[in-house]
Structure formats: structure tokens, C-alpha cells
Amino acid sequence: MEMQSGTTLALAPGINLFPSLKPPNKTTAFHQILVLVITFLAYASFHASRKPPSIVKSVLGPRIDSKFTAFASDLSRVVVNSTSDDAGWAPFDGPEGTHRLGELDLAFLSSYSIGMYFAGHIGDRIDLRLFLVFGMMGSGLLTVIFGLGYWFNVHSLVYFVSVQVVCGLFQSIGWPSVVAVVGNWFGKSKRGLIMGIWNSHTSVGNVMGSVIASAVLEYGWGWSFMIPGVLLIFMGGLVFLFLIVRPEDLGFDSLARDVGIDSEGNEADHKVKESEEAGLLQSHSMQNSDSLEAIGFLDAWRLPGVASFAFCLFFSKLVAYTFLYWLPFYIRHTAVAGVHLSHKTAGILSTIFDIGGVFGGISAGFISDKLEARAVTSILFLILSVPALISYRVFGSISTLANVTLMFISGLLVNGPYSLITTAVAADLGTQIIGNSRGLATVTAIIDGTGSVGAALGPLLAGYISTKGWNSVFLMLVASISLASVFLIRPARDEIKDIITSDRKQLP
């Protein structure tokens, strides 16, 4: 349903059931927190449902060679015998098993990236709450259907690929929807920090999915999909009941366009950037100020900074999703202190990367707010992540402590810019047309959709390149980060110029 000026979208049923949640009983600050919590839980559950494929890879794929046996002990010393858990699952258990697993990731992520472009375009034109619920319910159901392959003894590659393709389309609805909703409720002031904290849902979801999938893996890999799928469906019901898409739906004034909220929930105007680009955007907005017409797809691509950050995210997300889908497999097949870990232990240990990502997203958002420079902050994190990845590959196998420490640092530095670009940067760019926020989901979809193409490519390449050795995989990751940095050189240069100009104006 498209919102027109002077009209109000129907409230979520849960809000109608509890009148105390409506104004004037509750302030804008309360509803902002409510929106953050609901969207946080929604997208965390999305990511929890994406994690099982990486956890079960070592069960589905080729077995570890029998020469890699170990003695039972604690976290770093676990028995690795030739059991049924290591036997694999056709069609992923043969010599080309890692290739098939990589292709399975490609099936999901390709449809996800394609669907993202359409999802953003649609999301700017219909009720985002219902659209998001539709995506959550469909994704949850498809995750359950994938897990049913275990109980029905399915060994058809077509079955698993088909399920992943359709699931990817449903999953693509989630991100542009939640970012658009949060962007509607928060102005640019402190957006980096707020969204950095909020975007920890990605890592929290990964951790939650890893722990759940690993904990039930011993009962059969189907349970690793069943439980996250049911959880996502349940969260979809919560979104349907309580999510409010826009402040205007409750009678509040618009908060997203160059308006911030102070600590008491009051509106505070922020100075619009006085630049040639801002002037052009202002002129464009004057033509659309009387209606909230959604921005066109090509027009969104032409907005300043969109292409640069989109292609940067292509390579950043390639790295992040290679870790998301292959890190448990890598840990399982790489001896730590001369010992190979169990499936369960490798899955749980991989969550350290995501925990580092939580701190990375928050710190990147905080730093970018202080510097008022998103691109500069992103480049800083990207450059530092190169030696971190090299160190993890070279020294991560020395001991469990070294592995955990270097994995945490790598997660912090890799996920920092990824988190910043997909949240605060996307919201900044999507709301830069003053007076029109209906391009927010479209811009978000363009940036994350382009990034998702890289996300699809990374795991696929890892599946093929890993057969030649993991040094080659890490070389690919370092090259990708370097290219990501290149695309941010121009925006970073512009930010530095703006900072220098601003400082000169403040001089007496």
C-alpha cells in the first residue's frame, strides 16, 4: 500500500490491542526503541537461518582423511575418528564435494542478490511491514523444507539447489525492509553509532544460528535447519503484530530527513550540507515534495556515492560471506595445535569471528560519527584487515588462544566497514534527497544487492580454490579487500576535503 500525503497506514494489530502503546501515552523515543528491538530480532533471525549451511558443510562434505586423528580432550583436543558423521551426504560426499557445496552457496546468494534489487524497488511502494512478514514466513518455511531432506533421505542436488534459490528470493526482502524502517525513524545525527549497535544483529544472528545448529547437529543435520526455520517464522509473527513502519503512522512528524532526536525524544534540526551536490538534491526534491513518489532505480544509481559504496561492498561482502559459509569447514579441516576439532566444536569456535564483528560494527559507527567521515573510517578498517587475515592464516594454527585472538581481530576489521556501509551509509545516501525518503529501500537494495553479488561469488570461489590449498583462498580475500579500498578513494578524498574546509571556516 503506497502512503499518500495526509493519509495513515493501518497500525500493526499488536499496537491496536494495547492502546497504552499509542501516543500520547508513549513518546517518539519509546517507539524508536521499539522499532530498533523488533527489527533487530527480525534480522538476527534471518541470519540465524542462513548459518546452518556453513555448520553442516563438514558433515555433508568429503570426510577428513583418516590420518588426521586426535585424542579426546577439551575445546582444542577432540576425537576425530572415522564415524558416520564424517561419511558425508550424497551428492556432497564425493571428490567434487567442496565444489557442490560452493555451488549450493552460489544458488542461494545469486537469487538473493538478484531478488534484492527487486525487493528494494517493491519495498518503496507497498506496506513494508506486510512485505517483511512475507519474506520472513517464506524464508522460515524454505529453511525447514531444506532440513526435511535429512528425514526423507533426499540425495538430489536439484532438490537442495532449488530450495536455496527460492529461499534466497524470500531472504532478499529482509534487508532493504528493515533498513528502510530504521531510516524512517532516525535522523543522521549519531546514525553511525546507533546503526552500528543495531547492525550487531547480523553477528548476533550468526552466533545464534551457529550455536543452535551446532548444538543439535549430533541428532541429525536436519535439526540444524528445522529449529532456525521455526524461529524465523515465529519472529515474523512478532513483526506482524508490533512493527510501525513510519513515525507518521502514529501521528508523529517525520524524523528521517535531516532531523534528529535528542535524549528526551524531542526533534532537533540539523544543518544541511551546503555543497553543490546538496543543492542539486534539494532542487530535485522540490519537484517531488508534494508527493512521496518512490525514486527510480536508475536515478538511485546516479545519487552521489551510491556506485562507489556499492562496488566497495561487492568486495567487502565477498570476504565476509566467505568466512560466513566456510569458516567452520576451514577450522574443522585445519589442525589447531596439531589437533583437528569436531564438527560441533569447529562450529561453536567460528562464532568468535562474528563476536568480533559486533565490536567492529559498533566501533566503525562510533568512529565515523566522530570523524563525520564514513569512507575514511571504512578504508582504515579495510587496510588494517589485510595484515590481520595474513596473521590468522599464518599463526592461527599455533594454539587455540592464537586462533581465537586472531579470528576475533579479523572479524572486527572485516565486518566493521561491511556493517557501516550496509547501514549508516545506505541510510545517509537513501535520505539525501530532502523531503523524500521513498528511495531509501531502493538505495539500500542497490548497495546491498551489489554487495550480495560479491557474497555469492566469494563462497563459490572458496569451494573451488580450497582444493588447491587454503593459502590461495586467503590470497583471494586479501586481493578483494584491496580492491574494496580502491573504490572508496574518491569518497574518502571528498570527505577529507570537506573536513579541511570546515576547519578553515572555523578559524578566526
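Using N, Cα and C of the backbone, Cβ positions are placed for all residues, glycine too.
Listed features, source TrEMBL:
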{"type": "TRANSMEM", "residues": "29-48", "note": "transmembrane segment"}
{"type": "DOMAIN", "residues": "37-497", "note": "domain 'Major facilitator superfamily (MFS) profile'"}
{"type": "TRANSMEM", "residues": "130-152", "note": "transmembrane segment"}
{"type": "TRANSMEM", "residues": "158-186", "note": "transmembrane segment"}
{"type": "TRANSMEM", "residues": "198-217", "note": "transmembrane segment"}
{"type": "TRANSMEM", "residues": "223-245", "note": "transmembrane segment"}
{"type": "TRANSMEM", "residues": "306-327", "note": "transmembrane segment"}
{"type": "TRANSMEM", "residues": "347-368", "note": "transmembrane segment"}
{"type": "TRANSMEM", "residues": "375-395", "note": "transmembrane segment"}
{"type": "TRANSMEM", "residues": "401-427", "note": "transmembrane segment"}
{"type": "TRANSMEM", "residues": "439-464", "note": "transmembrane segment"}
{"type": "TRANSMEM", "residues": "470-489", "note": "transmembrane segment"}
For the transmembrane segment (439-464) against the transmembrane segment (306-327), do we get 3 or more Cβ-Cβ pairs below 8 Å once near-sequence pairs (under 6 apart) are dropped?
yes
Near the transmembrane segment (198-217), which residues from the same chain, at least 6 beyond its ends, have a CB less than 8 A from one of its CBs?
36, 39-41, 43-52, 54-56, 59, 182, 223-225, 227-228, 231, 324, 328, 343-344, 347-348, 350-351, 354-355, 357-358, 361-362, 365, 411, 415, 419, 422-423
Along the domain 'Major facilitator superfamily (MFS) profile' (37-497), what average pLDDT does this model show?
82
Among 29-48, 306-327, 347-368, stretch most in contact with the transmembrane segment (470-489) (C-beta, under 8 angstroms)
306-327
Tertiary contacts of the transmembrane segment (401-427) (same chain, 6+ residues out, Cβ under 8 Å):
175, 179, 182-183, 186, 188, 191-192, 195-196, 198-200, 202-203, 305, 309, 312-313, 316-317, 319-320, 323, 331, 336, 349-350, 352-357, 359-361, 363-365, 368, 374, 377-379, 381-382, 384-385, 388-389, 391-392, 395, 440, 443-444, 447-448, 451, 481, 484
Stretch with greatest number of CB pairs under 8 Å, the transmembrane segment (347-368) reference, 130-152, 223-245, 375-395 candidates
375-395
Determine which residues of the chain contact the transmembrane segment (375-395) at the Cβ level, with the cut-off under 8 Å and only residues 6 or more beyond its ends counted.
308-309, 312, 316, 319, 360, 364, 367-368, 402-403, 406-407, 409-410, 413-414, 416-417, 420-421, 425, 470-471, 474, 477-478, 481-482, 484-485, 488-489, 491-492, 494-496
Give the nonlocal contacts of the transmembrane segment (130-152) in its own chain as ranges (CB under 8 Å, at least six residues past its ends).
42, 45-46, 49, 52, 119, 122-123, 159-160, 163-164, 166-167, 170-174, 177-178, 181, 220-226, 228-233, 235-237, 239-240, 243
